[in-house]
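A.B. asks: Have a look at this one before I ask anything.
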Amino acid sequence: MNPTAPQGGQLWSRCGGCASLLYRKRLRRNLDVCPECGAHSRLDASARLAQLVDPGSFTALPDRAPEVDPIGFVDVLPYPHRLTAARSGTGLVEAVVCGTATVAGHRCAIAVMDFRFLGGSLGCAVGELITRAAERALADRVPLVVVTASGGARMQEGVLSLMQMATVSQAIAALRESGVPSISVLTDPTYGGVAASFATNTDVVLAESGARMGFAGPRVIRQVTGRELPDGFQTAEFLLRHGQVDLVVPRHALRGRLAMLLAAAAGGRPPVGGGSRSEYSPGDRPSAAACRGEGQDAWETVRLARHPGRPTTLDYLETGFDGFVELHGDRLGADCPAVVGGLADLAGRPVMVVGHQKGHTTAELMARNFGMASPAGHRKALRLVRLAARWGLPVVTLVDTPGADPGVDAEEQGQAAAIAENILTLTTLPTPVVAVITGEGGSGGALALAVADRVLMLEHAVYSVISPEGCAAILWPDRSAAPQAARALRLTSADLCRLGVVDAVVPEPAPAAHHDPPAAVQAVREAVLAHLVPLLDVPTATLVRCRRRRFRRFGASRLGVRAGAR
């Protein structure tokens with residue numbers, strides 16, 4: 001599918017995708033991507049490094065892995081003879097090149113695999129070299145970047161090659177434990193033991209356009225199952241749809257995307273130590289000045305909160321934040337379109353943003369399931385907030401959902417458990433969290449993104465245990481009583497501010513956000529900054545303790561509200 005880029009003095013090259021005859025210099029100028037069909041040719045490690053890192057910045061690691069022939073393997077040739085031939089043909093010592101470099105000025109340790117060397121297979125020496133690169137990243141506290149190209153474990157080294165999956169994985173685990181970022185770049189092909197270890201257990205997984213990745217190769221799958229495989233099976237685009245990778249990036253954009261990720265990783269705050277801060281007290285109820293929206297009719301507010309012209313999460317990200325890089329997938333087989341999230345810049349600070357996404361048109365709403373997250377959506381959000389905690393990034397959540405997906409599939413896939421795990425994780429997340437209810441805050445689907453240090457709410461948003469229609473159908477029972485139910489539920493921003501559920505109400509441009517979306521976006525940006533910045537210097541232990549205290553106050557013994565009180 002993706003033949004190796006031609007070497008030496010060849011003047012012409014035939015594309016492996018469309019069979020076009022291409023002038024070699026033109027192909028090289030286009031980064032070995034066919035200008036006719038976009039097929040990406042395979043690159044050797046040297047060419048890959050030249051495209052990704054800053055000129056002159058790469059320094060190879062001084063260590064050289066020992067020669068190994070652990071089991072004396074012989075097929076038609078002794079294994080050492082195959083190693084000699086591979087070294088002669090590639091000029092490499094092994095199937096990976098490791099060192100340190102900068103990408104757009106950001107330091108990293110980097111390991112680049114080369115498929116030309118015995119199919120990029122993972123043997124003891126390759127595992128040792130990548131592990132040393134990870135250990136260098138840990139020692140220097142710089143991100144690790146791994147560019148994969150491999151057919152899998154090296155058969156000639158027997159089960160010891162299998163052990164390299166664990167060896168490198170535990171080196172990645174050490175990076176996670178220490179909060180040192182790791183990023184993998186999947187190139188064609190990435191299979192077997194490499195795919196099932198360090199290629200996919202990094203913090204962020206990028207895939208070059210057209211790259212194929214899987215545990216078993218397509219030929220094996222056909223033989224075992226006796227079935228034909230779907231078009232595009234195991235390609236980067238297939239993997240994205242099935243939640244396996246964060247991004248699919250064409251080669252010309254790969255360096256830029258990598259630079260943005262490294263910049264975000266470098267901008268994370270280190271854990272703040274020390275004792276408690278007496279001036280930080282999220283247990284206090286909001287002041288009357290913070291509670292706007294007095295006198296608004298609850299049912300009319302519901303209608304405004306649902307207006308399709310209100311800004312969506314992607315609208316807020318487009319103009320209220322800078323440099324958004326969306327990260328996809330739950331890593332378990334799906335990418336829910338009702339939840340979007342990723343890395344963004346807020347006034348020079350990298351943040352993780354996660355939110356529900358609805359849309360403005362009927363087609364958009366249907367494609368996004370009206371902002372109703374599936375279990376995959378909640379698990380994607382969970383993965384991203386955990387990543388934020390590891391990288392030391394604050395979290396901003398934007399809540400706009402009528403509720404979690406109530407379908408049969410969602411129940412079969414563990415909707416309740418997915419929501420529960422989000423709530424549990426957010427209660428102890430060791431990084432600042434600011435949540436904004438921007439439209440509808442529907443029940444547990446909303447709370448799954450709204451357990452936060454500060455909860456803000458737009459003036460004409462709503463937040464409720466159930467929709468007014470649902471409440472009316474159950475308790476009246478008459479769906480036409482929805483307006484009456486809305487008033488009884490106390491779901492407006494002013495009501496919830498008085499109850500202490502939200503900390504502040506964000507004013508909307510008159511008469512509501514959909515009349516002036518840019519102004520609404522700016523108001524949210526300013527409010528998030530005002531509430532987030534003071535949290536950045538709070539010691540982690542204090543932050544978590546105060547967040548727990550914030551939600552503990554909603555117990556019956558602490559509310560101080562008499563039965564039947566209005």
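Heads up, the Cβ atoms here are built off N, Cα and C, so glycines get one too.
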A.B. asks: Zinc finger per Swiss-Prot: which of the ranges 15-37, 61-83, 406-428 is that?
C.D. replies: 15-37
A.B. asks: Need one number: mean pLDDT over the region 'Acetyl-coenzyme A carboxylase carboxyl transferase subunit alpha' (244-566).
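C.D. replies: So the average pLDDT across the region 'Acetyl-coenzyme A carboxylase carboxyl transferase subunit alpha' (244-566) works out to 91.
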A.B. asks: Return the residues near Cys15 (Zn(2+) binding site), defined as same-chain residues 6+ apart in sequence whose C-beta is under 8 angstroms from its C-beta, sorted by sequence, else 'none'.
C.D. replies: Leu21, Leu22, Cys34, Glu36, Cys37, Ala39
A.B. asks: Far apart in sequence but close in space: which same-chain residues, 6 or more away, have a Cβ under 8 Å from Cys18 (Zn(2+) binding site)?
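C.D. replies: Expected: Cys34, Glu36, Cys37, Ala39.
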A.B. asks: Have a look around Cys34 (Zn(2+) binding site) and count the other CB atoms within 10 A of its CB, chains all included.
C.D. replies: 21
